[in-house]
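A.B. asks: Mind having a look at this structure? Questions to follow.
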Amino acid sequence: MESMNMSYLDPKTVTLIGIPGLKHVQFWIGFSFFAVCLVALLGNIILLIIIPTEHSLHQPMYIFLAVLAATDIGLCVAIAPKMLAIFWFDFYSMAFDACLAQLFFIHALQGMESGILLAMAFDRYVAICDPLRYTSTLTPFILVSMVLVVAIRATVLVGILPILIKRLHFFHSIVIAHSYCEHMAVVKLAAEDIRVNKTCGLFVGFTILGFDMIFILISYILIFQAVFRLHQKEAWLKAFNTCTAHIFVFLEFYILAFFSFFSHRFGHIVPSTHILLSTINLLVPPALNPIVYGVKNKVIRKRVARLFFLNH
């Protein structure tokens with residue numbers, strides 16, 4: 001490894017070392033992450049096959065689910081190949097611009113996932129709290145507009161981060177103690193003032209994750225208020241049942257995301273623990289989402305069974 005006392009001017013490459021302190025076992029850890037990626041890719045590809053071809057699933061919630069599936073596939077493709085190349089083949093080197101590209105795609109796709117979860121929460125709010133105006137509220141134009149706003153917001157805000165990194169020229173190291181190019185892991189290599197980068201990172205994180213989480217919470221508070229006002233127990237259970245999958249996905253995404261976000265900036269946990277948790281934060285939700293929504297939906301379950309010749 002290069003000396004930490006050297007200074008690098010506009011480096012062309014960086015070195016990703018994987019998981020510090022666990023290099024002797026990261027070859028085997030790679031198999032666990034590979035299995036999670038396989039589950040995520042298979043599950044989300046199946047959703048992208050079933051939802052467009054099943055007419056009964058041509059509803060706003062499942063359209064959002066299809067966009068979420070495409071986003072999750074993108075996340076796996078952005079992180080897994082290089083990470084597994086490090087773990088299995090010792091391919092540590094990476095072009096600096098390729099590192100910034102990976103940084104952009106990982107954080108932008110994560111921001112899109114957060115926005116789609118907010119859109120799905122809004123869908124459930126309208127379906128339960130204002131069902132008579134559901135079809136007139138969530139029109140095809142509104143659905144497309146919501147997806148475009150989510151994509152543009154993530155692209156523009158996250159796009160600022162690699163641009164600000166490119167203005168930095170001097171680096172005290174080119175060794176990134178991580179398994180992928182994470183924003184703060186790259187920024188901390190700089191030998192210049194990085195306050196603007198840190199502030200912008202916090203701004204982007206709170207503007208996307210913080211904003212979405214607050215409005216998702218508000219949506220579910222209003223949903224539960226409406227549900228508890230229902231007098232029939234069957235209606236109460238049906239309404240609550242439609243939200244359980246969303247609540248589970250919401251909790252596992254934001255708990256992992258905020259733990260990773262704050263631990264990198266303010267925490268003092270062991271680097272290997274942080275890297276494992278941040279990688280789990282990126283790979284586990286894409287694997288769980290199709291399982292959670294697939295198990296909850298009878299139509300998807302039947303189509304999956306037919307797809308694998310388990311039912312005729």
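For all residues, glycine too, the Cβ spot is worked out from N, Cα and C.
What TrEMBL shows for this protein is this:
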DOMAIN    43-293  domain 'G-protein coupled receptors family 1 profile'
TRANSMEM  27-50  transmembrane segment
TRANSMEM  62-88  transmembrane segment
TRANSMEM  100-120  transmembrane segment
TRANSMEM  141-165  transmembrane segment
TRANSMEM  202-227  transmembrane segment
TRANSMEM  239-262  transmembrane segment
TRANSMEM  274-295  transmembrane segment
A.B. asks: Tell me, please, if the transmembrane segment (202-227) and the transmembrane segment (62-88) are in contact, taking contact as 3+ Cβ pairs under 8 Å between residues separated by 6 or more positions?
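C.D. replies: No, the stretches stay apart by this measure.
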A.B. asks: Using a cut-off of under 8 Å between C-beta atoms, tell me which stretch among 27-50, 100-120, 141-165, 274-295 contacts the transmembrane segment (62-88) the most.
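C.D. replies: The stretch with the most contacts is 27-50.
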A.B. asks: Six or more residues out from either end of the transmembrane segment (274-295), which same-chain residues have a Cβ under 8 Å from its Cβ atoms?
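C.D. replies: Contacts with the transmembrane segment (274-295): 19-20, 22, 29, 33, 36-37, 39-40, 43-44, 46-47, 65, 68-69, 72-73, 75-76, 79-80, 83, 106, 110, 113, 177-180, 182, 245, 248-249, 252-253, 256-257, 259-260, 263-264, 267, 301, 304.
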A.B. asks: Go through the chain and flag residues at least 6 beyond the ends of the transmembrane segment (100-120) whose CB is under 8 A from any CB in it; none is fine as an answer.
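C.D. replies: Cβ under 8 Å, 6 or more out: 61, 64-65, 67-68, 71-72, 74-75, 78-79, 82, 94, 146-147, 149-151, 153-155, 157-159, 161-162, 165-166, 180-183, 186, 204, 208-209, 212-213, 215-216, 219, 246, 249-250, 253-254, 257, 282, 285.
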